[in-house]
Structures are given as structure tokens and as C-alpha cells.
């Protein structure tokens, strides 16, 4: 980044500092990952200069013949990965992908069934502080009080009672497999559409390690980062009969010109997803998550639902007599990055919380394996149990440094 260094030392310094943070800390935020240098090169390309309102073959600007190729590559690769009939890769985020689906089939005030945020849902699944909860009448379903797993009988009962126009499946903090076939059966029984938000598990679905929602849902939304290991962005997969409506909802509905440099980066990431070694990577994500969960439980920590089926683990820290906020802070102090998170039947403020959410996608990209998961489990437990002991925290910092020093990060940057 020689040009940037000469042009703007302040921005360059901030980027260099962030690179140092990523190299020196253990990244366990479940929604984060490390993209390839090829993805970064595509996103930093001259495509950032091009306006391309519209879609391939039907643009409102001239000179789009090359970006048309890029967008077609991205769409075709997604169709191949997931078996989708239609794909829109223009959403700038997962939230905008969800918004576009809502705008396609809902009217203001329509009833929607979505997962409670503290039970694992997402802001865009009906939170009252989000546009979704303001514009529409969301009814919440959740998890069983004992198993912390989705109670499908309860979902059916609520669907029969409230007759939603749309049912939203998918989550941002649910560590178990979701039965999309069952959700579609429930939707069909009450005459509702089904939308699946697979943002967190898309990479696992792509690798065949989690049930694919595409054959069951009318609409599937996702981010393109997280387990897909692409640039930050979103996309929509749907049945062909909804293609024109979905495309109109994105443009001109809620967006103007697409970010063609980001779409190029998405295309590159999708190409990586189609490679055989991506399946190995995704399997390692799950293996690492299972090993980490086992290690945490051996250390006496409480896990929501008792474990994980995917990349995500939710730790209930109440038995340690600390809050999620304190846990996040003290772990960051020793070099482990996590996020505080609400847990099912939460009683604390969302700014405080009773839980911590972690995931294994990023550390797996870095090359961490089962032995490293054992050490991370030990480190997390040691740090949280000794959160007021500065000598213990200094020891944890040294252990984190010893671990991260074994795995290089972006050596060419």
C-alpha cells in the first residue's frame, strides 16, 4: 500500500494497526472471517469506479459490458453452489437482502412469524428497534426452556393462531441445525411464505454440511462473509417466479448503483467455495467448534443448548458471576476477541447480557486445529475465572501471544 502510505498517513496507520490486531489476537467473533488476498484484490480493483444501475444486459449506464461479465459469473456460481433458480448478488448487506424480500411480499402491518432476538434471532427478524419490527406485526417464536432448541410444535401453534403472511427461519445466535423442511410444512399448513436467513451457516450449507434451505424456502437470504469467507455483503436466492419482483425490490426499490468491486470480490469468493478444499475447510470449522465446545464444558462452562452443530457456540456466563459485557472486555484484554450476546430467556440489558457468542470460522481460516481448540478453551476458562487477577491475565496474554505467533496472517501485506 505504498500509494496510500504516501497519500494519507493517518488512514494508512489505522489500517496497519488493524492488521496488527488481526495478527496478534485470536478472532472468535462468529460473524467474522479472513478473506483471501484474491478477494481483497478484486474488491480493491478499478471496478470501484464503475456505475452500473440495473442488471446485466439492462443497465441505465453505458460501458457496462465488463461488469456485466463479473455479475453473471457471481450469479452463475451461486446457482451452482446452492441449486438456486434465481440469484441477486447486489444487496449491500444481509439486512438489505431481508428488507428486499419483505418489500416484495408484505404490506405495512402484515403479520410475520420470526425468532425472538434473545433466543437467537436477528434484528431484522422483527426487533422493535429495527425497521422490520416497526413496519410489520412480528410475532415471536423461540426455543424450549430446557433444551434451548427450536420447539417446532410451538412454531406451528403460533402460526395457526396468528396466520402470518411470512415465516422467517434462520438465526444469528443459534448453535443447532435448523429443520427447514419442517418450517416449510408449517408455512404450507397456514398458507404463509417461507424466508430463510442463512447468513451464519451459508458456508456450511455450500459444503453440504448443513441442510440446504433452497429446496424448501420461497426466499433465501444471506450475507457473503461469515462462513462463506467472502467480502461483506448480501444476496438473495429465490424461485424463478419471484425473480422480477425481487430484482425490482433491490433496484430501483431500495438501492441505486451496485458496488461492482464488491460483486467482483463476491464472485472470487464463490469460485473459492466451489473448490474441493473449501469442503475440507468447512468440515474443519465444525470439527473445531465441537472440540472447543467439549473443552469449554470440561472447564465447567455452561453452553446454551449443551453444545453445537455448526460453527457457533453460546456461553452462559452467569455461573461465573460475571456478565457478558465483562467477559467480552476481559477476554479482549488478553487478546481473545468475542462479543457479548443475549441468551434465551435473557433478563439482563442487551448492553450487558448474560452470554458470550463465539465461532470458529476465522480461526479455522488461520489454520488453527483441534490442539489449538483445546488451548483456546483452557484460555477462555482461565481468563474468565481469574478476571480480577492481573497476574493471571498477564499469563493469559503470554499464552495468546505464543499461540498466534505460530500462525502467520497475510504475510504479503
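Every residue gets a Cβ built from N, Cα and C, even glycine.
What Swiss-Prot annotates here:
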type    : residues                               : note
BINDING : 117, 121, 122, 123, 239, 349, 350, 351 : (6S)-5,6,7,8-tetrahydrofolate binding site
SITE    : 225                                    : site 'Plays an important role in substrate specificity'
MOD_RES : 226                                    : N6-(pyridoxal phosphate)lysine
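Taking the features listed in Swiss-Prot, we show where each one sits on the structure.
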residue: 117; record: (6S)-5,6,7,8-tetrahydrofolate binding site; DSSP (3 states): helix
residue: 122; record: (6S)-5,6,7,8-tetrahydrofolate binding site; DSSP (3 states): coil
residue: 225; record: site 'Plays an important role in substrate specificity'; DSSP (3 states): coil
residue: 239; record: (6S)-5,6,7,8-tetrahydrofolate binding site; DSSP (3 states): coil
residue: 349; record: (6S)-5,6,7,8-tetrahydrofolate binding site; DSSP (3 states): coil
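The binding-site residues recorded for this entry are 123, 239, 351, and the Cα of 123 lies nearest to that of residue 225 (site 'Plays an important role in substrate specificity').
Cα spacing between residue 349 ((6S)-5,6,7,8-tetrahydrofolate binding site) and the residue listed as 'N6-(pyridoxal phosphate)lysine': 26 Å, rounded to the nearest whole number.
With respect to their backbone Cα atoms, residue 123 ((6S)-5,6,7,8-tetrahydrofolate binding site) and the residue listed as 'N6-(pyridoxal phosphate)lysine' stand 17 Å from each other. When the recorded positions 121, 225, 239 are compared by the number of other CB atoms within 10 angstroms of each CB, 239 has the fewest. Spatially close to the residue listed as 'N6-(pyridoxal phosphate)lysine' yet at least six residues away along the chain are 30, 31, 32, 33, 199, 200, 202, 203, 361, judged by Cβ distances under 8 angstroms.
Neighbour density at the Cβ, taken as the number of other Cβ atoms within 10 Å, is lowest among the binding-site residues 117, 123 for 123. With the fewest other C-beta atoms within 10 Å around its C-beta, 351 stands out among the binding-site residues 122, 349, 351. A 10 Å cutoff on Cβ-Cβ distances gives residue 350 ((6S)-5,6,7,8-tetrahydrofolate binding site) a total of 14 other Cβ atoms nearby, all chains included. Spanning the residues 117, 121, 122, 123, 239, 349, 350, 351 that the record associates with binding (6S)-5,6,7,8-tetrahydrofolate, the maximal Cα-Cα distance equals 40 Å.
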